[in-house]
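*Asks:* Pasting the relevant annotations from TrEMBL:
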type	residues	note
DOMAIN	A:28-93	domain 'RNA polymerase sigma-70 region 2'
DOMAIN	A:133-180	domain 'RNA polymerase sigma factor 70 region 4 type 2'
Amino acid sequence: MRDFSSYSDLEIWSSFRAGDEDAFAYIYQHQASSLLKYGYQIGKDKALVEDCVHDLFIHLSLHRATINDTTSIKYYLFKSLRRKIIEALDRQQTGERHLKTYFYWTEKKSKSFEENLIAEQTTETQVQNLARHLKDLPPRQQEALYLVYYSNLSYEEIASIMSLQVRTVYNHVHTGLETLRSKMKEPGFERIIPLLILALALQYSAH
Amino acid sequence: MEERYNQYTVADFAADEDFIRWVKNPSQADIVFWEQWISQHPTKASSVKDARILIEAVQFPEYPNLKNSIDQVWRRIENSRQYSTRPLPTTFEEEEVHPSSSVWWKIAATFTGLLMMAGIAYYFVLPKNQIYQTAYGETRRVVLPDGSIATLNGNSSLELGKWEDQREVWLEGEAYFSVQKREDEKTKTPIKFIVHTSDVDVNVLGTQFTVSDHQQTRVVLNEGKIELMLIDKKERIVMQPGDLIEIDKGDKQLVKRTVNPVVYSSWKDNEWILDGISLKEIAKRLEDTYGLKVVVKKDPDPAVKVTGVVPTDDLDKLLIALSTVFNMEFKRQGNEVIIE
């Protein structure tokens, strides 16, 4: 397969639209990983996301002659994939959707009590503790944080993908971060004990 | 540009595109800029540190088996495209008549003769269908002709079907399946894997799940996606990972729950994960898998539910472990287990 790495997005996209099979394969190989990961964040269902990515590329190949130009392939695909996933979720019942969110997080929480206890004593704990609170944020805040930190897309592109104003995306990110930060400030049990001891010691020395 | 940072809070930093780039994927210029900026604003050092922690904390669940999925989806895309761009078949009238068609007929006839003989030999020499069975208390790992694996629990049997255009097995008892994805070499369509039980047919493409066909028929999905076909109602149910579906043999009542699927497949690794299980349930499990008669001498408190992991590779050890976790005595006398 030809190497397109020195080509601009616009050139690769034009080649693909002109019927270049190598360009099509190159686009898939370079975008599949980030598309699947992003889709999984919003769709929470591996099979559904894989179906949507499949459908997206089939749609592209069938309509290659009539689709728009783009200077950012990633942005174009993210936006299209998001639409496909929302449509797919809409076709399912709401109840089923709730179920999915539930599965998704119970899998992640299945660490034993002891494991969590040990983990809390290590230095990475703050990070891990906070990550647990991430799931409690509203879905839009989670999505905005995901895109801002993991997609390499600009606020403008993210706003367009999510069909929001740039300011609104920024607010989602900022509000989410404020919430996480407030969790970071909550003193853990292990941090209270030394304070209690100190308080007691001070009381005694005062007598 | 530097000015605005003077007023920044932790969240302001963590939401700033330039700051994020410095944390995630810095250029040389970013490193120089931020090191210099922090040294000039020592009072902001702790906010910067907290913002970094915050950014690192925002971690999302990873995509399971990403590499595999990337390849699979690509194969599916290629298959679908071939199918959708394939030219329509030419009509019968337009087909050219082959001049040497009589030669082809002769060859075909010879083959048919050979096939008939082979068929007769096959009928007499080979058994109708391959059957795998386990005795009470035995677990057995069976590698099926396609490389899929079925682990049979005690007192179970698995009969293989013809394995031609689809893969079919008939199950009595309990088994854990790890099914390989397969596709037809010519048509590139996935080949189905079907587990038949008395109440349901489980249709699979490639996945891991447990099927149990005792007093209730139970299907628990660990990975992937499967479709149940209820034989009575001719109804289809699509299962997601973590789903448990139970059908009562008597009234055919259907129950759907969300569970930790590992609890239901742990026996294949020679252990039972007890996930809040009552004495009554344990007694039934001992009867189903070991063929023992369980006699409960002392009526237990039905509210007592036990959580833990017990080894099952040795029945005596299992009974000792159960005695400990239930705080009662599990005594074996011949074909009976007496609990007191």
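Each residue, glycine too, has its Cβ placed from N, Cα and C.
It should be emphasised that the depicted structure is a prediction, and the values quoted were computed from it without experimental measurement.
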*Asks:* Within the domain 'RNA polymerase sigma-70 region 2' (A:28-93), count helix residues (DSSP H, G, I), strand residues (E, B) and coil residues, in that order.
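*Replies:* With helix first, then strand, then coil, the domain 'RNA polymerase sigma-70 region 2' (A:28-93) has 52 helix, 0 strand, 14 coil.
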*Asks:* Give the mean pLDDT for the domain 'RNA polymerase sigma-70 region 2' (A:28-93) on the 0 to 100 scale.
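*Replies:* Looking only at the domain 'RNA polymerase sigma-70 region 2' (A:28-93), pLDDT averages out to 90.
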*Asks:* Residue counts in helix (H, G, I), strand (E, B) and coil for the domain 'RNA polymerase sigma factor 70 region 4 type 2' (A:133-180), per DSSP?
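*Replies:* Split into helix, strand and coil, the domain 'RNA polymerase sigma factor 70 region 4 type 2' (A:133-180) gives 36 helix, 0 strand, 12 coil.
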